[in-house]
Amino acid sequence: MDSLQYVSSSSSTSNPRKPTTKKYWVLLTITCIALFVGTISSSLLSKFYFIHGGSSRWVSTWVQSAGFPLLLIPIYLPYLFGTFNQNPMPKPFTLLTIKLLLIAIVIGFMVGISNFLFSWSTSYLPISTSSLLLSTHLAFNLIFSVILVKQKLSFFNLNSVILITVSSILLALGSSHDKPKGTTHAQYFLGFFSSLGAGLIFALYLPLLEIVYREVHSYGMVMEMQLVSQTAAQVIAVIGMAVDGGFGEMVIEANVKFDLGDAMYWITIGFTILAWQLSFMGTAGLVYLTKSLTGGVCMTALLPICVLGGVIAFGDKFGGNKAISTLLCFWGFCSYVYGEYIKSKEDKEGLKSNEEMKSLRDDVDGNICNFIA
């Protein structure tokens with residue numbers, strides 16, 4: 001009963017999804033910082049692991065969801081803080097229905113598969129190439145958003161899709177100049193299509209979150225569902241690790257293979273786990289506070305920074321094809337942002353026009369009533 005009263009009161013007073021509330025902007029700021037730090041650092045650290053002697057793709061998959069217990073902090077901290085300040089909140093997980101629980105588990109399995117594909121991509125491709133290929137998820141995201149959440153198409157949206165698609169084709173054509181040493185053509189294209197597959201799944205993941213979050217009452221519930229999803233993704237990783245001998249491989253990598261020593265190996269693993277949780281937390285929070293396509297666009301906006309990070313940190317080649325691909329990716333991103341700006345402006349003008357028409361009708365009705373009286 002307390003939970004139902006909380007939902008009713010919170011929805012009628014301080015809904016954190018309303019941009020007019022202070023709570024909304026605080027949550028949005030924290031979410032964007034988590035997304036920015038997590039996305040860039042997780043991509044670079046994942047490649048750092050492979051460059052310095054790490055070789056297990058299952059270990060790389062495992063670290064992407066191993067930090068799920070960290071999500072208990074944003075789940076329980078507000079509850080404990082509210083209890084301490086005599087501002088009671090429902091106990092965590094009490095509002096999570098069986099339906100939402102099952103949906104979160106299914107989404108988690110999707111994330112687990114996407115994580116594995118990302119690991120294959122990172123192991124065979126330069127981080128700059130992998131990042132540019134992952135930008136294709138914006139194109140896929142638009143398509144799924146149109147189908148699932150009825151996102152309206154426009155010239156700017158379609159232009160964005162075309163430009164980003166062409167940027168990926170250019171990368172494929174320039175693959176002979178981009179292969180890391182020791183990587184065969186077969187391995188390169190395995191990484192290439194793994195990256196596209198990860199982008200495709202992630203693009204489906206975002207609009208599915210938007211649909212599910214329509215039944216979610218608070219930011220805390222978003223983190224609760226994220227915890228369940230990350231746990232499900234971890235189940236896939238643990239099974240893969242157990243079958244492939246990944247846990248034993250971690251010990252061998254730390255003591256023998258990792259060229260920076262065992263201490264640096266475990267530090268790398270620890271920070272990678274933290275970075276991935278920040279990235280996933282930021283993504284889920286941004287979809288809840290805005291919409292799935294906005295989340296996809298923000299992720300795409302960060303990918304060119306990952307490209308530059310790969311060039312600076314790891315000496316990735318940055319030839320003509322990659323430079324043009326980066327420009328096309330950035331152009332596609334700008335096209336989308338400008339289209340959203342135009343749409344927002346038109347919506348505001350339409351709302352203002354409707355308010356003026358309503359005011360005019362009210363005046364006319366009032367004059368008629370006065371005339372009749």
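Placed from the backbone N, Cα and C atoms, the Cβ positions cover glycine too.
Quantities reported herein were computed from a predicted structural model and do not represent experimental measurements.
The annotation transmembrane segment is assigned in TrEMBL to 24-50 (among others). Cβ atoms under 8 Å from those of the transmembrane segment (24-50) belong to residues 16-18, 59-60, 63-64, 118-119, 122-123, 126-127, 130-131, 219, 268-269, 271-272, 275-283, 285-286, 289-290, 298-299, 302, 305-306, 309-310, 313-314 of the same chain, restricted to positions at least 6 beyond its ends.
Under the heading transmembrane segment, TrEMBL lists 62-81 (among others).
Marked as transmembrane segment by TrEMBL: 93-118 (among others).
Sequence annotations record features per position, and here TrEMBL assigns transmembrane segment to 124-149 (among others).
Annotated transmembrane segment per TrEMBL: 156-176 (among others), in sequence order.
Note on the transmembrane segment (188-213): residues 100, 103-104, 107, 110-111, 113-115, 117-118, 120-125, 129-130, 133-141, 143-145, 148-149, 168, 171-172, 175, 178-179, 222, 225, 283-284, 287-288, 291-293, 295-296 of its chain, located 6 or more positions outside it, place their CB under 8 angstroms from a CB of the stretch. What TrEMBL records for 188-213 (among others) is transmembrane segment.
The transmembrane segment annotation in TrEMBL covers 225-243 (among others). Here the transmembrane segment (225-243) has long-range neighbours at 58-59, 61-62, 64-68, 71-72, 75, 96, 100-101, 103-109, 111-113, 115-116, 212, 216, 277, 280-281, 284, meaning same-chain residues at least 6 beyond its ends whose C-beta is under 8 angstroms from one of its own.
Taken from TrEMBL, the feature transmembrane segment covers 263-289 (among others).
According to TrEMBL, the transmembrane segment annotation covers 296-315 (among others).
The transmembrane segment annotation in TrEMBL covers 321-339 (among others).
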